[in-house]
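This report concerns only the one structure given below.
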């Protein structure tokens, strides 16, 4: 006699849990999705039209989830805006929203879809997780009614939130997170009244979750990692790349190394808006990543990760990010410096005029020090050492300290800091350090073609970012991103 479907599902799930408990690692997946977008309109469409568009995107996501599960993945992260897109007015996005309950209600939408208000998107996501016995992470919109008794209630009588949800392998809603740091264009959503620090336990570690712009701020990003000690961060994002800094794979990999945590980063894919770059990142570097600015295709990535990276024998030791630079007895700044803009940020640069040298450049409280030797300097390429100590951003301002070895776009020094993807010059060695006023420093090396350099550099305990050997590919930038959260200005839109 064959077992019934529920019994069979329970047996498979129990076996999966036992296998995970017996293992110190897990297989993770992220999917970079080329989102099918709705027609541009400032007026709301019908609920039926909105659901039809979302189902088109969920068809694609379901296939990726099925493929990931077949390859043994235990969790998959899908992108921010991956189900309905972006560029909505507050009114136009309303038909795409659902009321998402607190996970404490112990709800499996797949098996009990009518328990709350109609929620076809949550039901389908729940079934994707249940049918494939995998954790599914998705980004959707939450709506919450309010009234005049709430002085913060919007005039239309509802809150609207950019929201991440997580369904476990049974299809149960186990996490809900409302994005706290909205980007300036997200006027269709409200800010939560308080930052949320959302975590949940799995058989393969403690997980936290936040969305896109959140990664740049103390709350919730630093709180999750340092105070709540999560092992892995789930990160749906819609990241617009900014070369030569803040490229998705560059900064997200750097953040994972600087914070000492796994980061599952799933980006949307839209080359017209420079959106690409997803990865599975670890404290030791990228386990898998993808950057494609030339096609319209999505991409599924999988990698095996340590379930508890802090317990790993390869976990990087603690770093004193200013120890080496502040120990240098003579630290004069270079005389021949010039200013250059990286977007709106004014850096202090010094040109590397020879194939080998020892340079220092200072700005504000930050001095950056570089020792280097080039192996095959191209005559038509210029490199600089740069320092930035100040507020970044036009509307929402937050404080960076950045030291960078950077290739300029051309031999014209006025192009230093402009977007550049390719290079020809390799380095025999480099060592970059700075007098950082923070321990939140994120290191990364970017090669020509927007390629990372896993295993080819190291961070010493005294704060030096060093090449391990001659660079295998031409160098675009080696950068230390420092964040002084305590110097951030209040968020003007949230206040």
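In case you wondered, yes, glycine gets a Cβ from its N, Cα and C as well.
Feature list (source: TrEMBL):
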SIGNAL    1-22  signal peptide
DOMAIN    37-307  domain 'CN hydrolase'
ACT_SITE  80  active site, proton acceptor
ACT_SITE  179  active site, proton donor
ACT_SITE  212  active site, nucleophile
Response to the item:
Mean pLDDT across the domain 'CN hydrolase' (37-307) comes out at 97
Worksheet entry | Under 8 Å by Cβ from residue 179 (active site, proton donor), same chain, sequence gap 6 or more | 161, 162, 163, 164, 186, 189, 192, 210, 211, 212, 213, 214
Practice prompt. Using all protein chains in view, find how many other C-beta atoms are within 10 Å of the C-beta of residue 80 (active site, proton acceptor).
Written response: 26
